[in-house]
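Have a look at the structure below, then the notes.
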Amino acid sequence: MGNELSPEQLNEIANEYGTPLYVYNADKIVTQYRRLTTAFQNDKVRFFYACKSLTNINILKVLKAEGCNVDCSSINEVKLALYAGFEPQNILYTSNGIAFAEIEEAQSLGVIINIDSLSNLKKFGEKFGSSYPVGVRLRPNIMAGGNLKISTGHDKSKFGIPVDQLEELVSVVKKNQIQITNLHIHTGSDIKDPEVFVKGIEVLFDIIPHFPHLKSIDLGGGFKVAYKEEDPFINVEELAEKVLHTFESNELTKDLQIWFEPGKFLVSESGYFITQVNVLKETSATTFAGVNSGFNHLIRPMFYDAYHRIQNLTNPDGTVKEYTITGNICETDTFAWSRPLPEVREGDLLVFYNAGAYGFEMSSNYNSRFKPAEVLVENGESRLIRKRDVFEDLLKNQVL
Ligand SMILES: *Cc1c(COP(=O)(O)O)cnc(C)c1O
């Protein structure tokens, strides 16, 4: 099996399982993971898959089988990771803005925790003292990432304890004898420049000496992948070289591990979202191709102005014309504006590439539409890994 599913394979899968449909290629996920481990080739480096990008248990198992760890954004993700078979010591919970009760629950499950506010750290210290080592998420005041919605490290961001509050942080730690074993920073998503991670390490150099129990620094995720052919993307070999060089340039980090939390990098390119054209509408300005989906299934174009490459699976050799691809919900839900595509006819199947990360995961039942089914292709075979919703699912939690 190659790393890209061919249009013929996708066509066959769509015919078998129906549309709208998410399809993931396990081989591609494994390839991406091995690219990272090969680039770093260093047993001090640990990768935690940021599973919020795609939490299907079967995907978690693919990465677990490779020896990858997992990073969670909610207590339910922690429970999904445990359910998938990850050991607590390989599960990291990087929380933000959560109730202290959820941190207590994570503690009781025995997972690694990164605490993101002084308030919760104080409560944690008062309750657990030195008995349960933890990490802290810092806000390094570095601007990075594709756009403001996905930038998390700048000086107006809600994430992490600002580095300018270091003195207070150290005093909370000392007072409660908290053992801080991990310093975490995550500056944003869609980072193409390895220098952002180098800068992160340099910010940490000044902070490391304040925490004698430190075992790791955690540089977060956010590795950019290319959505258009000419898009820049992160060069992981260059990233490895620069990060390891900076890391090894300083005695302070001699006994520390480096952790990363890639999400999109691991799963984005493995994913395909297949839709079917319901309606063609010719207007004086534009030809609309309306598909059997909307931002309720793939929100990235409307939410982040994201570009997804599209192909006409059922008429790949048609004459190229321009189409605006829209959905079927009661709001503007444009997937692509004036996109050149082989002639689109009603009934054709259109595939959106690079849809593995934040695709299904951000889908909803808006307009009381069903969420799509999910299929995994592994060892040359496709299998259903999530059923399409049925009408009962819409009523499931309603109380009459
Ligand atoms: C979202 C997130 C990630 C993963 O980001 P990607 O862009 O998908 O790599 C990693 N760590 C934390 C704390 C995050 O919030």
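In case you wondered, yes, glycine gets a Cβ from its N, Cα and C as well.
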Listed in TrEMBL for the substrate site shared with R300, Y304, E331, one of Y272, Y353, Y358: Y358
Listed binding-site residues with Cβ under 6 Å from ligand 1, out of G222, R300, E331, Y358: G222
Minimum Cα separation from R300 (substrate binding site), reported as the residue among recorded positions K52, G222, Y358 that achieves it: Y358
Assigned conformation of E331 (substrate binding site) - DSSP reduced to three states: coil
K52 (N6-(pyridoxal phosphate)lysine) in three-state DSSP notation: helix
